[in-house]
Amino acid sequence: MTAVHVPGTPVIDDGRLVSTSPATGEEAGRFPVATVDDVARAVDRARVAADWWAGLGFTGRRERLLRWRALLARRIEELAQLVHVEGGKPVPDAIVEILTAIEHIDWAARNARRVLGPRRVRSRLILAEFTGHLEYQPYGVVGVIGPWNYPVFTPIGSAAYALAAGNAVVLKPSEYTPAVGQWLVDSFAEVVGEQPVLTAVHGLGDVGAALCRSGVGKLAFTGSTVTAKKVMAACAETLTPVLLEAGGKDAMIVDSDADLDAAAEACVWGALTNAGQTCIGIERVYAVDPVFDAFVGKVVAKAERLTVGAEGADIGPITMPSQLDVIRRHIDDAIGAGGRAVLGGPGAVQPPYVHPTVLVDVPESSVAVREETFGPTLTINRVRDADEAIRRANALSYGLGGSVFGRRRAVAIARRLRSGMASVNSTLTFAGMSTLPFGGVGDSGFGRIHGEDGLREFGRAKSITRRRARSLLPSMTFERTSTDVARLVKAAKLMYGRRR
Ligand code: NDP
């Protein structure tokens, strides 16, 4: 019997996790819920697969990962449709998400050898008789825990880099998007059928917790800050290293010399795409006084044209029904604290949808400014100048991404944002650039996916020294004489004793 439930809320029916569309209630898939033993077995199998996968070397893995990339590209519409049904995301947004993920697989596959492969490292005068060798060896099995809001992009952001580095991956998709997670695993198995190199375990949060305690070599988590702390605590029990990609409350700064049309267009996209359910979504804007009114007018004009609905609309449903209460609370708090809704407002929350809402003059103490809203809402506040904008943007404990619109000072402002990433004269674009690392500071987590740092995140640095010649100045031996030690003292003073 299928339990009665709010569309989109996952239920467990006869030991199976059933996921449904938040818009229509249509079933997207049902998957056996893993027990703690199931998780342990999956990790054990992955450990064997990891040895085989690592043994393929960079070339063998590259060839297979590129074939997986090609399969995803060929079936992009099929996957986008599943993302749409299961999470409610508009199909064009799903296409953009999948395309970005494909780009990351391509880059990771092509660059893993260059970044992680063995190389010689120069020695210096001290230990000049040795050569250094460096390589990054895989952890074995990497556990990947993913959220529902970008169910392709976020797990692949970790998994593609972990796989390229030579690890097997056990994925725990969000309970809201297990079908997409399983689709990724099944498509990978079509290309790499020999061993379970990429597998999934399904269930609720306790399955993620079991994965943290399963003895994986590393755990890559993407999700909320609250859960990130639980994941880190669970991993601490076994000193399992963690990578944490957590929540955000990203700010956009509009300076006096900004192109206001471009800023408004990027702001509306950055804040409202995926119904605002984006970790790096723009949730707060600080516009300097001379351009504030014109900028707000342009944002409202663009945002009020967006359509809301299940099919063919710009803004789909809120994926996680319980989030509707959070969004409503934030809008009410902003208005109760003295803010004004220049678009939308309390009536904008019409489950399972939220219509675009633009709030201005919201006190910085409001939860609408301080906490992650994860809805198609936005606060825009007036500031005196860029310095005040930076101060306010940096006032929160989150520090994921950010955006700056302007000309002369824009890059300097972007550098001063306390965040792991920033886009100048665009929003969210750093996520799609596979050559750049992605990650946050403070409550937004630590560690990096994407780019060279993202590859190194999934390899342990292995350092090897090798003797080439006899030591002229022996130091690391009991055979050294008092004359050797006197020479060492002299050398230390000569080499390092100067002030510069
Ligand atoms: P959650 O933190 O609720 O869940 C994330 C994942 O963790 C899910 O798979 C969840 O499983 C699992 N989980 C829950 N409890 C535990 C536990 N105790 N131990 C281990 N795993 C657990 O986040 P959401 O899925 O709601 O995703 C939204 C959040 O993700 C937002 O805060 C957003 O900002 C953030 N995010 C961050 C990104 C980044 O790159 N920094 C990118 C995308 C999103 P289950 O779903 O079954 O509960």
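Positions of Cβ are set from backbone N, Cα and C atoms, glycine also.
Annotated features, as they stand in TrEMBL:
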ACT_SITE  GLU245  active site
ACT_SITE  CYS279  active site
DOMAIN    17-464  domain 'Aldehyde dehydrogenase'
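In the three-state DSSP scheme, GLU245 (active site) falls into the strand class.
In the three-state DSSP classification, CYS279 (active site) falls within coil. Between the CA atoms of CYS279 (active site) and GLU245 (active site) there is a gap of 9 Å, rounded to the nearest whole number. Counting only residues at least six positions away in the same chain, the Cβ atoms of THR154, GLY157, SER158, ALA220, PHE221, THR222, GLY223, CYS279, PHE438, GLY439, GLY440, SER444, GLY445, GLY447, ILE449 sit under 8 Å from the Cβ of GLU245 (active site). Every protein chain shown contributes to the tally, and the Cβ of CYS279 (active site) ends up with 27 other Cβ atoms within 10 Å.
Mean pLDDT across the domain 'Aldehyde dehydrogenase' (17-464) comes to 97 in this model.
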